[in-house]
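Quick look at what Swiss-Prot annotates:
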BINDING   Y99, G164, E179, K180, S197  alpha-D-glucose 1-phosphate binding site
Amino acid sequence: MREAPHVLGIVLAGGEGKRLYPLTADRAKPAVPFGGGYRLIDFVLSNLVNARFLRICVLTQYKSHSLDRHISQNWRLSGLAGEYITPVPAQQRLGPRWYTGSADAIYQSMNLIYDEDPDYIVIFGADHVYRMDPEQMVQQHIESGAGATVAGIRVPRAEASAFGCIDSDDSGRIRGFIEKPADPPGTPDDPEQTFVSMGNYIFTTKVLIDAIRADAEDDDSDHDMGGDIIPRLVADGMAAVYDFNDNEVPGATERDHGYWRDVGTLDAFYDAHMDLVSVHPVFNLYNKRWPIRGGAENLAPAKFVNGGSAQESVVGAGSIISAASVRNSVLSSNVVIDDGAIVEGSVIMPGARIGRGAVVRHAILDKNVVVGPGEMVGVDLDKDRERFSISAGGVVAVGKGVWI
């Protein structure tokens, strides 16, 4: 039997997430709650763990306390078997400076690579919502002989200009890696589609080390994985694309096969939540064969009393809905909605309370927000604009701990 390759997982989780403000005012983007019982980082960690990649370093920097705590409490593996998921804050090993980019984060954390001495390194982002079996991508990387493999998702060519785009040949070799081009390239088999980078990479270890070292010595570099490292390897003919559409996840439905969302804006974050709530959801949280992990809390079940109801909604553990109406919404844990309140098309994060007769529509309420009796959010946007953040799509976002 062929020995399994030695793989180290590195998750880039230092992002500030300015476009998600106010949700990122007090936490790193990967720590933002999602889906009623998770945090954004749980999706990438679940994909790696489900694929049995069990040596994982999570590189953190910006306001990382809640992220570090979440990983430590909810992602404990067996140290006796050499398995670990460990948060690694920026440590200034190479001098008194923080990470200046994702490639610099790898450069300043090279000791992790030397200590583990892997054959291959999986470097994934921490802030996307999706299911993926990364082992299939690693196998293609090994078989192709590439030094680097970039996961690409197919999007309509007319929509690809907002992303980093991949130009590849019939063999999968990448000929060009172009950031937000005016005229995106088609895929080899369909000129109306474009491969867009998902921010997920596989590297042969020596190739990565050499590229990171060369980049560190380049004063003109922004020290970014997608902007500098991958183009460097493309120029050397060492990069290949992995078609995400070929990834087969156990238990996936026809509807959520190939689902991937960048939730970097308030509108995208909101829309991804709305993908969860229908009877046959666009993204199915309930796939037991490829579970999303990390959301376990020792809480009582949700409770509905005095005729309270929730339709086409996800309701987290410990929540209580009393004589209130919830529709097309996602409620996290320990949310309380009092008599006569109405919640429609909204995302409510842990510990929020919505008072008697209050109305919340088309809104995101962060943790521990209190909406007083009779108050309204998302009903009068002119009034809300004076108090809260409002997205381009009209989603009202209320920051953590605000009393209304």
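In case you wondered, yes, glycine gets a Cβ from its N, Cα and C as well.
Projection of Swiss-Prot feature records onto the structure.
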residue : record                                   : Cβ neighbours (10 Å)
Y99     : alpha-D-glucose 1-phosphate binding site : 21
G164    : alpha-D-glucose 1-phosphate binding site : 21
E179    : alpha-D-glucose 1-phosphate binding site : 12
K180    : alpha-D-glucose 1-phosphate binding site : 11
S197    : alpha-D-glucose 1-phosphate binding site : 22
Which secondary structure state does DSSP assign to E179 (alpha-D-glucose 1-phosphate binding site), in the simple three-class scheme? strand
Restricting to the record's alpha-D-glucose 1-phosphate-binding residues (Y99, G164, E179, K180, S197), give me the longest CA-CA distance in Å as a whole number. 24
